[in-house]
Every structure is written in C-alpha cells, then in structure tokens.
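Visitor: The following feature annotations were taken from TrEMBL:
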ACT_SITE  A:S661  active site
ACT_SITE  A:K704  active site
COILED    A:198-232  coiled coil
DOMAIN    A:571-766  domain 'Lon proteolytic'
REGION    A:1-20  region 'Disordered'
Amino acid sequence: MPHPDDAQSVPHGSLRRRVDPAALPFKTTAELESYGGLVGQERAMDAIRLAGRIHHQDFNIFVLGEEGMGRHTAVQALLAKEAAGRPLPDEWAYVNNFDEAYKPRCLRLPPGTAERLKDRMEALVNDLATEIPALFESDDYQTQRHAIEAEYGGQQETAMAEFAERAKEEDVALIRTPVGFMLAAIRDGKVLKPDQYAALDKDEQEKIDDKIARLQEELAQVLRNAPKLERQSRKAIEQLNAHTAERVVSAQMAEIEDDFAGIAQVAAHLAEVRHDMIANAGLFLQASQGGNEGPFPEAVRKYHDHPEFDRYAVNVMVSREDGDTAPVVTEDLPTLDHLTGRIEHVARFGALTTNFTMIRPGALHRANGGYLILDARRVLSEPMAWDALKRCLKSGEIAIRSMGERLGVVSTISLEPDPIPLNVRVALIGERMLYHLLVQLDQDFRDLFKLQADFENAMDSSDEAIVLYARVIGGFAARSKLRPVAADAIAALIEESMRLAEDSQKLSLHVGALGDILREADHYTAEADRTVVAAEDIAEAIQKRERRRSRIRERLQESVQRGKILIDTDGATVGQINGLSVVSIGDYRFGHPSRITARVRLGTGDLVDIEREVEMGGPLHSKGVMILSGYLTATYALDLPFSLQASLVFEQNYGGVDGDSASSAELYALLSALAEIPIAQGLAVTGSVNQLGDVQPIGGVNEKIEGFFETCDARGLTGRQGVLIPAANVDHLMLRDAVVSAARAGKFRIVPVATIDAGIEILTGVAAGARGPDGLFPDASVNGRVEARLRGFAERRRAFGRDVVQDGDRGSA
Amino acid sequence: MTDIAATRYRLMIGAASFADARAALGIADLLAQSMASELVGVLMEDTEVTSLFASPGRRIVTIGGSVVAAPSVARLRAALDNDARAFRKALGAIARQHKRAWSVRRQTGELVAGLCKVAGERDLLLLGQAHPSKGVGRVIVIAPPTGVPQRMAGLGRTLAETLRARLATVSLDSDAGADAVGMSWADETELLRWLSRIRAAAVIVDLSAGPFTTVQQLRQVVDVARCPVLVLGLAADRRSGSVAPGDEGRQAE
C-alpha cells in the first residue's frame with residue numbers, strides 16, 4: 001500500500017510554531033507597561049483620527065471589520081481623545097412660537113445656559129402666579145377697577161333713570177313686565193287701563209300714542225347703548241389689567257433680560273413672553289383660584305407644572321452642563337425616534353394632543369457638535385432610520401418627522417419644530433459586506449461617508465510584535481481586573497492567536513476571542529487558588545471551550561466510527577478518495593472527512609457534478625469541478641475529441657457543499673478512475689487546483705487535518721495515514737498538540753503537495769509520468785494510463801459513430 | 001331692630017318672571033346655607049300689567065333695545081307657566097342641596113305689595129329683579145337711622161364677597177350713623193335719585209328700622225335699584241302697621 005515517507009512530509013517543527021516563554025522579556029504581565037491601544041491597526045486608526053479632526057462636511061467614517069476586533073472600543077477611545085480638544089458645543093432648546101404654536105422655535109444657547117434659562121422661566125411663572133393675583137386683589141387695583149365699572153355702569157344707570165324721570169314728567173309709566181319694558185299713560189297718578197284708554201277721544205289717544213311711541217324709541221336707544229358701554233367698560237378694564245400686569249411682569253422679567261442680555265435669540269423670545277404674559281394675565285389669576293388646595297402652601301406651589309403655563313416653558317433638548325468636552329454619543333438602539341428625536345402626544349378628552357414641551361431629543365441632538373457612533377447593521381435594520389440619518393447629514397439639520405407622519409397613518413395634531421442645525425461626525429461600525437453593499441447600492445453613502453477605517457484581521461508576528469502583543473494582553477487583563485498573566489500563558493495565547501489567524505506567521509487581531517479565553521482561564525486560576533494565570537489555565541480554557549462546542553463534531557465522528565458515514569482509513573480503492581471539509585457553526589469550525597467518488601465511461605465530454613445537479617453545490621464548488629474538465633481536456637489526448645462521461649459526488653452529503661478546496665481530491669479520484677489505479681485510503685486530501693494542475697492553498701487547513709486525524713486516531717493510527725495539503729498552506733499550520741505528537745512519532749504525516757502529478761504519485765504509489773520526446777506519457781504511469789483510457793473512449797466513440805452512419809446508409813438504401 | 005341671625009327664617013323669593021327670580025337665586029343660595037330654614041318661591045302675576053297686554057297695538061321694548069309687538073295675554077301666561085316650572089326646578093335644587101323645606105307658588109297682584117301681604121312674621125323677603133345690562137355693581141346697605149346693626153353689616157359683607165362686588169353703606173344725613181357710613185343724602189328722594197344712577201348688585205333694607213318703612217317706599221327702592229332687594233324687618237313692620245293696606249295699589253314710578 002502506498003504511503004508517504006518522512007522526506008515527503010512537513011517537518012515536525014513546522015506543524016505548529018512554538019513561542020518560547022523564556023524568550024519573552026518578562027515573567028508576568030504585571031511587569032509590563034500596559035498598552036491600551038490596538039496593535040496592527042495603524043491604517044484604521046489614522047482614518048478614525050482624520051474623521052475626528054477634519055472639519056469639512058461629509059467626512060463621516062465607516063469602520064469596517066469583523067466582530068471582536070475592538071472596533072467599538074477603538075472608535076470610542078480615539079474620538080473621545082479628539083473630542084477633548086474640541087470646544088463644548090452650544091446647547092439647544094425649544095420654546096413656544098407665540099404666533100404659530102405648531103411651529104416651535106429653537107434657541108441656540110451658549111453652554112451652560114439652557115437649564116438656567118429653563119429654571120428662570122419656571123421661577124418667573126411661579127412668582128407671577130403668586131404676584132399677579134395679589135396685585136389684582138390689591139385695594140389699589142380694585143379701586144381703579146370699580147371706578148371704571150362705576151363710570152360706565154353709572155352712565156347706563158343714569159340714562160335709564162333720566163329716561164324714567166322724563167317719562168314720568170310726561171305722564172308715562174315705565175313698567176317692567178316678564179317680556180320687557182312697557183310704557184303706559186298715567187292719569188291721576190295711576191296707569192291708564194285699556195277701557196279707560198278706549199273711552200278717550202281719538203285726538204287724545206293719538207297724542208298718547210305718539211308720546212309713547214317716541215318714548216319707546218328713546219328707551220330702545222338707551223337699552224341699545226348698554227352693550228356699547230359694556231364694551232367700553234371691558235376695554236378700559238383690559239387696559240387697566242394690562243397696565244397692572246405689565247408692572248409686575250416687567251419688574252420680574254427685567255432681571256432675566258439682564259441675565260441673558262447678550263443672547264439675541266433669547267432677548268427676542270423674552271420680549272414675546274413679556275407681551276404674552278401681559279396679554280394673558282388672566283391665566284395667572286385662574287391658576288391661583290385653586291387656592292390652597294393640596295398639601296403645599298401657596299408660596300411653594302409649582303405653577304409652572306400647570307399645562308396652561310407650558311407656553312412659557314423652555315424645553316431643553318441638549319444641555320452641556322455635565323460635560324466639558326465635545327460629546328461622543330453611542331446609540332445602541334438607533335430607531336428613527338432615537339436618532340432624530342420624537343414628538344410625544346397625550347390623550348385629552350379622547351384626542352391626542354401635543355405641544356413643544358413634548359419634543360424629545362434624539363442621539364443626533366445629543367451628539368451635535370461632536371461625534372455619534374452607530375452600529376451600521378442596527379441602523380439599517382430599523383425602519384426609516386438610515387433614511388432619516390442620511391437626510392439629516394445631507395441637509396445639515398435635524399428635522400423631526402415621526403414614522404406615523406411619514407407613512408400618513410396618523411392623523412392628529414402635530415408640530416413642525418424649527419430644524420436644528422447639525423454639525424456632527426458619524427462613525428458607522430459594521431461588517432465589510434455591509435460597507436461594500438452600501439458603496440454599491442447607495443449613492444448617498446459614498447457622498448456622506450467619505451472615510452473608511454478598514455480593520456486588519458491579523459498582523460505580522462515579529463519578535464517586537466509579540467512583545468507588543470503581550471503588552472496588549474497585559475493591558476486587557478489589567479482593565480478587566482484579571483490576574484497577571486505568566487509568560488508561558490502569554491506564549492500559549494499567542495500560539496492560539498496564530499491559530500485563530502490561520503497563519504503561523506501572523507497574529508490574530510480578534511482580541512475579543514482571545515479576551516474570552518483569558519477571562520475563562522482567569523476563572524480556572526481563581527478556582528485553583530493561584531495568583532497568576534498560567535499556561536495550563538489557558539490550555540484548560542481552550543480545551544473546555546472546544547469541548548463545550550464539539551457536540552456535533554463528536555456525533556459526526558461517532559457516525560464514522562460506527563460505520564454510518566462510510567470513510568475508509570486503510571487499504572486502497574479505485575476512484576475513491578477522502579476529501580476534507582470544514583463545518584462552521586457560528587464562530588466554531590471543525591474539519592470532517594467526506595468520501596468523494598468518481599465514475600467514468602464513454603461519453604461526449606460531460607463531467608457531471610452531482611452536487612450541482614441536485615443544487616446542493618455552491619458556485620465555487622461548481623467552478624472547481626469545471627476546472628477539472630479544463631485540466632483533463634488540456635492535458636490528455638489533445639488530438640482527439642474528449643469522449644468521457646464522468647460523475648463526481650460527495651458521498652453522504654446531505655447539507656450542501658461549497659468552496660473549491662476539494663477540487664484536487666476530485667481530480668485525484670477522476671484520475672484514479674480513468675487510470676484504474678487505486679488510491680490509498682489512509683490519506684486524505686485538501687487543496688484546490690487550477691487548469692494547469694497546480695495545487696492551490698485553501699482555508700481551514702488545521703481543522704481539516706485535525707478532522708481526519710481524529711477519525712484515524714479513533715481507529716488506531718497505522719503510520720500510513722496522513723493528509724495531503726497544498727504546499728502553500730505549510731505556513732498556516734498551527735496544529736493541536738495531539739497531531740504534532742503523532743507526526744513526531746511517525747504515526748501521521750502532513751504532506752505538502754504543489755502539483756497534481758506530485759499528489760497522484762503519493763496517493764497511488766505510481767509515477768505520474770511526463771511526456772517524453774515522442775510526446776507520449778510512459779505507458780505504466782498514471783498519466784499514460786489516463787491518456788490511453790481517454791484515447792480508447794475516443795476511438796470507440798469514433799467507431800460507434802461510423803457504425804451508426806453505415807446503419808443509416810443501409811436503412812436509407 | 002331685626003336680629004337676622006338670632007334664629008332661622010323663612011325666605012320668600014318673589015319675582016314677576018323666572019329671569020327676575022334667577023337674579024336672586026345666588027343670594028337665596030347664600031341665605032339658605034346660613035339663615036333660612038325654608039324657601040318659598042312666589043311667582044307674582046300683576047294682573048293690572050297683564051291686562052295692558054290685551055290692548056290692541058301695544059308694544060314693548062325688549063332688554064336688547066328692540067321695539068316689538070307685545071305678546072297676547074295667552075302667550076304671556078304660557079310664558080309664565082314655563083317660568084314657574086323653571087323657578088320650581090331651580091329653587092328645588094338649592095333647597096335639596098341645603099336640605100331645606102321649600103315650595104313655589106303662583107300668585108296674582110302687584111309684586112311688592114303682594115309679597116308684603118303674604119309674608120309671615122319670621123320671613124325674609126327677597127325681591128328678584130334682573131338688571132337690563134351686564135356688569136358688576138355694588139351691594140348697597142341702606143342704613144337705618146339708628147346706624148347699621150352688626151348683623152346687617154355682616155350680611156352686606158357676605159353678599160358683597162359672594163357677588164364679588166363692592167359694599168356701600170348709605171344713610172340719610174340726619175341719621176345717627178351717617179358720619180360713620182360716609183355716604184349720606186339729605187332725604188329719601190335724594191337717596192333714591194342716587195340709587196337710580198348707580199349700578200347695584202343687591203340692595204338690603206330693613207323696613208322695621210327705616211329709613212324706608214312703607215310698601216310704597218319699598219316699591220320705589222325696587223324700581224330704582226333694578227336689582228334684587230333683600231327686605232328685613234318685614235314682619236315687625238306689619239305688626240307696627242307701617243305697611244298699610246292702602247299701599248297695595250300700583251303707583252307710577
């Protein structure tokens with residue numbers, strides 16, 4: 001049975017790169033100067049710093065990279081540092097628009113002003129609600145008011161009295177009746193009765209009638225004049241009220257106006273407030289009519305809470321009282337409302353109402369003048385949030401529009417607040433795929449997000465880099481309040497980092513994953529009652545983490561061992577090979593062997609990929625299979641039609657397959673089937689192939705090797721087992737210790753392969769064969785036998801075609 | 001002198017229409033909670049006035065200042081029927097609120113004289129009269145010659161507070177308390193002339209103490225006041241004979 005020897009195998013020392021703890025310049029991370037930044041991300045850091053410093057519009061930034069790379073932390077830290085050098089931005093508040101209440105006005109206020117203005121206005125309302133009623137109750141006011149009422153009331157009363165006297169002088173009585181005033185003639189001091197009137201002669205009746213008619217008109221005139229006098233009285237009282245209110249309002253407001261004298265917008269607003277308060281002094285009188293109801297005495301009642309005084313409130317949207325630098329705001333739930341703010345409503349008498357005091361700020365308000373950090377996926381997945389964010393950035397102002405309003409599904413009183421000018425730098429953090437989709441599909445995105453910070457996945461593992469990496473780990477341990485980490489533990493973590501990077505020459509920058517291991521290791525350190533995290537703790541954390549996630553892997557291996565999944569690890573078979581695939585479940589990956597078989601016969605050049613036919617193969621896999629066809633047609637029997645019918649299948653594959661990492665294995669199976677030379681089943685193969693027969697590197701090489709090793713190990717290692725990997729993948733080897741130990745003991749081999757010819761020789765133990773001067777492969781070589789088989793197919797096909805033509809000729813004759 | 005708070009009184013509210021009665025109901029409500037044990041509403045129909053509506057071509061001047069044809073007697077009576085129902089409903093509500101006995105009745109005759117006639121020994125008389133125009137006037141207390149009794153003054157203050165009006169106490173120059181009152185006139189005629197030219201919210205008189213003691217004088221007060229008039233000391237006057245039967249006839253204003 002063919003099997004590779006040591007000379008063909010990867011040297012033991014290259015199966016896993018070791019970091020020597022003794023070479024590290026410390027015993028524990030406690031000795032190291034902590035490093036809080038990120039390593040290996042200089043390009044991304046520069047981009048973020050530029051976004052933080054540049055003042056021009058639209059230089060927002062998209063921070064792209066994978067989860068767990070410290071993007072959020074880095075963006076937060078860098079932008080906070082930039083924010084510290086920026087001035088505290090202005091504050092914003094909404095106030096009533098006394099001309100159009102549904103269009104609240106925004107005030108731009110210097111830092112530290114908004115809350116003070118709000119407090120002053122509340123105190124003003126509270127004071128006036130006490131002082132205005134007191135003033136209106138005063139003797140001074142009452143005397144003036146009564147004088148006005150007496151003046152105008154007296155005019156009407158005098159007119160009535162004088163009319164009554166005039167009528168009496170003309171012997172006419174003014175009689176009140178249930179339906180109005182009646183005038184009746186008087187004779188001898190008594191009202192003339194109807195029969196007495198009828199007894200009078202006509203002239204006298206006419207005289208009486210004329211007199212009464214005239215007096216009726218006079219009385220009507222007196223009564224009609226009453227409303228006019230009442231209006232004059234009301235106007236005079238209103239003027240008195242305004243004058244009275246003006247005295248106290250002006251006195252109170254003078255202090256506020258002095259306090260905010262330098263702010264033109266506030267001065268204009270205060271002037272309107274003063275005018276409105278004077279015109280609506282009745283509000284303060286009505287408020288005081290509640291008297292001393294409630295537990296608090298009049299002097300400490302908070303009138304500003306009353307809805308009728310909302311008109312004088314200051315709705316502070318953004319206050320900078322608690323900060324001393326430009327804001328750096330992170331919005332974890334970037335809904336439309338949370339981004340641009342919202343207008344709340346309350347139900348009153350069955351209807352929804354609102355006013356400017358119910359405008360609530362969003363993240364854009366809070367971040368205005370500073371930085372806003374958002375998760376791209378969340379923004380994009382919230383209805384209308386992305387659209388609203390772009391709209392605000394493009395227009396340079398925050399306009400609040402509710403979703404209901406946008407969709408037209410809500411019909412209620414709403415507001416159109418003044419848009420607030422926006423000056424913010426947005427940092428979107430997301431995956432690369434999202435970035436590329438946005439670049440491709442959203443024209444606005446390219447205009448608005450001119451910067452990108454692309455996070456590296458890995459960095460070079462030079463000696464200096466390893467020490468810096470150790471400082472990063474030490475810094476992480478210190479920030480997370482973990483125990484100091486010993487040098488051997490750091491070495492173990494760095495090795496794990498290389499494995500995560502899938503490259504023994506690189507260090508993974510997925511600090512989140514390493515942090516998880518370190519924290520779990522710290523837990524085991526604590527359980528063992530030790531003070532320093534040791535290599536054994538790291539190993540325990542890795543091993544237990546692996547175990548927790550390996551249920552499916554173990555079940556698959558169990559199926560193989562029990563013969564449910566057919567995998568041979570010994571012997572040799574024609575047209576059958578062990579391929580290797582990687583199964584990904586979340587962030588956990590493991591390798592798993594799959595049987596690949598090939599069958600051939602005479603045909604018309606069809607290479608059937610059964611996975612593709614049943615739509616279980618992805619596009620990359622299909623591409624790989626088509627490359628095989630190209631290799632075969634360009635390598636063998638170049639002077640004859642390609643007359644092969646072949647089929648390839650991943651046996652017992654029920655979940656689909658993608659990627660081209662099995663294309664070399666498929667080609668080996670095909671060659672085996674064509675050459676009718678068996679392939680050693682103790683070997684598994686991974687690697688893709690091009691049309692020239694070069695074996696190309698693939699991903700997940702460690703997991704694939706370990707997957708097959710596990711199968712072989714469970715059945716007992718024979719020394720003839722191993723994995724053929726692309727030679728270019730040797731640098732990526734960071735295998736688990738079990739595999740390395742077996743290899744060192746000569747029980748398992750990792751064989752680098754650069755070409756298909758090299759691979760087929762190892763798999764079959766038969767020389768691949770090269771074309772000689774005569775242009776032919778040696779007859780006994782694999783290639784020679786393949787070519788002979790293909791020639792045979794072609795000849796038979798030609799003969800078959802000739803027979804068919806002759807049969808046809810005979811038939812037609 | 002009538003001690004109005006010494007005991008509970010029956011309050012008679014008299015008016016010629018519900019509009020007039022309604023003008024007095026606020027005062028009735030106040031008195032019902034403080035001093036009246038029973039409320040009696042009297043809707044008076046002055047038959048002499050009603051007979052005037054029978055004259056063809058008779059016109060009236062409405063409160064709004066329009067000169068219109070007077071309604072027929074039948075329609076006037078129908079209106080009075082409605083007024084009586086409304087009066088009963090409104091007074092009943094006040095009485096129930098204060099848990100007082102109450103009744104409303106209709107009567108014919110001249111308002112002032114008729115009520116004085118039916119008023120009993122322990123009655124307060126409240127003559128309802130709606131003012132032709134809006135506005136707040138003063139509560140006028142017409143002080144007796146001997147000065148304003150404390151309880152009368154208290155009643156005046158309470159009414160002024162309730163009606164949110166200023167209080168004015170007036171008297172004749174010759175009266176003992178004139179200096180203390182501050183507003184006084186030479187005689188009854190002058191006082192009535194002044195009263196006819198000011199806006200009054202309510203007038204309080206004590207017939208037993210003067211200066212107005214007769215039905216004729218009371219009618220004059222009512223005519224010029226053009227507002228509700230609260231009459232105290234009525235029973236005492238009746239006992240003293242100040243209200244003469246001959247005073248019942250209507251006199252020209």
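Each residue, glycine too, has its Cβ placed from N, Cα and C.
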Visitor: Non-local Cβ contacts of A:S661 (active site) (under 8 Å, 6 or more apart, same chain)?
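Guide: Listed in sequence order, they are A:L580, A:S581, A:T686, A:G687, A:S688, A:I698, A:G699, A:G700, A:K704.
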Visitor: So which residues does the coiled coil (A:198-232) touch in its own chain, when a touch means Cβ under 8 Å and the partner is 6 or more beyond its ends?
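Guide: Tertiary neighbours of the coiled coil (A:198-232) are 152-153, 155-156, 159-160, 163, 166-167, 170, 172, 174, 181, 183-185, 192.
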Visitor: Any residues 6+ beyond the ends of the region 'Disordered' (A:1-20) with a Cβ under 8 Å from its own?
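Guide: Counting only partners 6 or more residues beyond its ends, the region 'Disordered' (A:1-20) has Cβ contacts under 8 Å with 461, 466, 490-492, 494-495, 498, 504-505, 570-572, 680, 682-683, 719-722, 725, 730, 733-737, 739-740, 743-744, 746, 749-752, 762-766.
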Visitor: By the DSSP assignment reduced to helix, strand and coil, which category contains A:S661 (active site)?
Guide: coil
Visitor: Can you give the mean pLDDT for the domain 'Lon proteolytic' (A:571-766), rounded to a whole number?
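Guide: Mean pLDDT across the domain 'Lon proteolytic' (A:571-766) comes out at 90.
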Visitor: What does the DSSP secondary structure composition of the region 'Disordered' (A:1-20) look like, as residue counts for helix, strand and coil?
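Guide: Helix, strand and coil residues of the region 'Disordered' (A:1-20) number 3 helix, 1 strand, 16 coil.
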Visitor: Under a three-state reduction of DSSP output, how is A:K704 (active site) classified: helix, strand, or coil?
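Guide: Where A:K704 (active site) sits, the three-state DSSP reduction gives helix.
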Visitor: A:K704 (active site) has how many other Cβ neighbours within 10 Å of its own Cβ?
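Guide: By my count, 29.
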